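*Asks:* Annotations for this protein, taken from Swiss-Prot, read as follows:
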type	residues	note
DOMAIN	23-197	domain 'EngB-type G'
BINDING	31-38, 58-62, 83-86, 153-156, 175-177	GTP binding site
BINDING	S38, T60	Mg(2+) binding site
Amino acid sequence: MITVVESSFLTSASALSQTPPPKNSEVVFIGRSNVGKSTLINLIVDSKGLAKSSSTPGKTQLINYFETIWKRGEERIPLWLVDLPGFGYAKVSKEMRKDWGEKLIHFLQERRSIKLFVQLIDARHPDLAIDAEAWAMIGAIKRGDQKVIRVFTKMDKLNRNDQKKLQQRYPDACFTAMLGKEGIASVRERVLKDVLGEEA
């Protein structure tokens, strides 16, 4: 069983130059505004208020760092979780979205301590072009020592037939209803396995 036994807010950064010096392996959470990044992070670390959601989606431009200790058996594994700004919010200007995109790509390319990208996708809207573009972008810039996984959120909003279809379509993805321990446990297991470079 994998648990997160310690978690705390580390720092926020609005530019690559403000990010903390690399110390531990990092897991980056990326996705559209309102997809549930903060909620998923809080569920993973079992803390309701660690990652804060903005009251105005798409407003926050900060890269937020969280320091965590994961436990598997007697092994304690330090990881940093990185919550990136949400993208694609309609009320943000095109110029601002472009600027954010360029900053994020630069960040993802230059941050050598990133070991895993976690892209969150709303299960109700699995075919949005902006999500496909983000997936392709990550695939284009990731290094050989990095991995990337999809996590479909809000699965509880689908009927069982649509849930099954989505799971069959993306057999390597993780699925969570943003509720319930089973889905979150599977995400924890996958995250740790991929960060450590372990086989399935």
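The backbone N, Cα and C atoms fix where each Cβ goes, glycine too.
I'd like these features described in context: how deep, what's nearby, how far apart.
*Replies:* According to DSSP, N34 (GTP binding site) sits in a coil region rather than a helix or strand.
The Cβ neighbour count for S38 (Mg(2+) binding site), using a 10 Å radius over every protein chain in view, is 19.
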*Asks:* Please determine which of the binding-site residues listed here (G31, P85) has the lowest count of neighbouring CB atoms within 10 Å.
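*Replies:* Lowest Cβ count within 10 Å among the binding-site residues (G31, P85) is P85.
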*Asks:* Within 10 Å of the Cβ of N34 (GTP binding site), how many other Cβ atoms can be counted across all chains shown?
*Replies:* 16
*Asks:* If you count other Cβ atoms within 10 Å of each one's Cβ, which of the binding-site residues K37, L62, K154, F175 has the most?
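*Replies:* Output for this query is K37.
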*Asks:* Give me the mean pLDDT over the domain 'EngB-type G' (23-197), rounded to a whole number.
*Replies:* 87
*Asks:* What Cα-Cα separation, expressed in whole Å, is found between P85 (GTP binding site) and S38 (Mg(2+) binding site)?
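*Replies:* Pair distance, Cα basis, whole Å: 10 Å.
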*Asks:* What kind of secondary structure is F175 (GTP binding site) part of, going by DSSP in three states?
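*Replies:* Going by the DSSP assignment, F175 (GTP binding site) falls within a strand, counted as strand.
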